């Protein structure tokens with residue numbers, strides 16, 4: 001399990017911001033059946049993922065603590081031409097059949113699944129959103145050398161937004177797509193992003209108003225973009241910060257989802273390019289706004305153990321003033337100041353432990369209840 005802290009500095013005139021991600025951890029290898037994981041969301045205390053081109057029309061539900069597949073859901077009226085991302089809103093799940101490595105697809109679509117149907121059965125029917133790029137005039141086949149590939153899809157208010165994977169220049173365009181079934185010719189938003197690589201996944205965190213996009217270079221060097229302060233749906237029009245994920249080594253990062261305002265999961269796809277090879281993985285990280293002066297410095301000597309745990313949680317650190325535990329819906333489930341907490345009564349899942357120190361600073365740690 002690898003841990004690292006990464007930071008990137010952006011200067012815009014008098015504006016000085018620092019984006020920081022911490023506690024990056026390789027949680028576990030994904031099951032072999034998900035070796036080509038290409039999208040991930042967190043819903044109903046479960047991770048949901050899928051494979052990409054040529055694989056089955058199936059969603060895989062995983063226990064986030066163990067990676068064990070707990071359920072599979074088949075989309076009966078769908079085929080997996082090239083499923084490349086998955087996203088959600090309060091009522092629906094959207095699967096992007098948007099992969100277009102050759103640049104010549106004319107059957108791009110998004111499958112829309114009702115969440116109640118998803119929860120009630122293991123076979124569902126999807127509404128279909130068909131679309132094409134209004135600014136694409138020619139459709140030659142250019143394998144891995146096209147501007148019209150895409151692997152990132154997310155929801156923003158009442159619309160879906162697709163980010164292109166530009167093999168030619170790295171310039172990623174954002175296309176808004178309606179959420180209703182139908183046939184659409186979609187046009188790009190005004191601002192594009194020079195991604196310096198290939199964008200492969202994205203998630204918009206409503207709690208923070210920030211867009212997180214992931215990808216890798218042609219040399220499989222992974223990176224993260226944080227976009228914030230943008231206007232309306234023009235997601236690249238504000239401040240865009242690039243963070244190289246160099247300490248992960250070579251990884252084919254394919255997807256990202258948020259599970260809380262400051263906690264994220266990424267999935268990677270397996271690859272083998274001798275002498276290098278990697279298994280598909282689940283990777284987590286946390287975010288912290290370091291201009292918040294009340295937050296404890298990264299590296300403060302507070303430790304939670306064991307983690308994961310099913311019963312007793314021990315907290316080791318100096319001068320602890322109070323401890324709060326929240327579930328993924330931000331509900332307070334514990335408040336006190338004991339260094340030993342019995343959490344056996346909590347449901348299995350992910351929690352967040354907010355620790356206040358005696359010097360009025362605080363820190364947040366992720367806890368997995370098994």
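Using N, Cα and C of the backbone, Cβ positions are placed for all residues, glycine too.
Annotated in TrEMBL:
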type   : residues : note
SIGNAL : 1-19     : signal peptide
DOMAIN : 304-367  : domain 'Secretion system C-terminal sorting'
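Taking H, G and I as helix, E and B as strand and the rest as coil, DSSP gives the domain 'Secretion system C-terminal sorting' (304-367) the counts 0 helix, 39 strand, 25 coil. Across all of the domain 'Secretion system C-terminal sorting' (304-367), the predicted model scores a mean pLDDT of 84.
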